[in-house]
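As recorded in TrEMBL, the features of this protein are as follows:
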COMPBIAS  1-10  compositional bias 'Low complexity'
COMPBIAS  38-50  compositional bias 'Basic residues'
DOMAIN    157-266  domain 'Fe2OG dioxygenase'
REGION    1-66  region 'Disordered'
Amino acid sequence: GPTRSPQQPDAMPPPAPDRKRRPPMEQPEAGDGAPQQRQKKSSAAKKAKKGGATGSGSGGAWPAVKPKKDLQVNRLKGTQLLTVPDFLTSAEAKAFVDVAESMGFTHQGSLGPLKGEAYRDNDRISVTDPLLAQTLWESGINRIFMDINISGKAATGLNPNIRLYRYVEGQRFGRHIDESVHLGDGSRTQYTLLVYLSGKGSAKDSQALVGGETVFYDHRGGIVAEVAPVQGMALLHLHGARCMLHEARFVKKNVKYVLRSDVVFA
């Protein structure tokens, strides 16, 4: 879910909301927050000073991510919705969770549908880290986008604004759309990248996630896809003017962790 868009570097003004496209009672999200983002900035900034959570990087605390040679890309028929199993190994995903927990999350809420915002209840970290963005891009996302052009523009990398989300039992993010954001020099975000850092497991796994599916809807409100989080899997979908309405269903058991960025075209 945005007003200082989490998708965007701090120095940039927020994009003007596209009022024509707004579905009734839904909040477009410029990547992840809603207008409440402004109030959250000070606490996030304090946290950044304490733990080095924001700014130009995390001081090398991120886990190493090895390039993946033979990523399988599943394209959902008739949509620009892609899933990529094993984008991160279980060890890499768990290491991101450990780093995020050591940095500390900030709660993200919203004013709710009656105020024109999507219902939102989760915890979040936002960092600006061009090196991490480049590492994730070059670990295999770049090859997925080699043949994808939008209005004559090619994918050039990931938004250096990386967000980490945590949903505990009972938390969810209501139906919303992800806004496209200008990053300057004619570059613009066009796809949302989600990487699930936790997910469903075997029946014996006491940490296995139950619930927390990412659900996509068509313009009539019919379900197009239900994506159950699997640890290490990436999900990519178009955002901006062609973004499908989607939601993160509530977590029934254990904790859902997600890494979020955006694919930039120029």
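Cβ coordinates are placed from backbone N, Cα and C, and glycine is handled just like the others.
The model shown is predicted, which means the values in this text are computed figures rather than measured ones.
In the predicted model, residues of the domain 'Fe2OG dioxygenase' (157-266) average a pLDDT of 95.
Residue counts of the domain 'Fe2OG dioxygenase' (157-266) by helix, strand and coil are 3 helix, 62 strand, 45 coil (DSSP-based).
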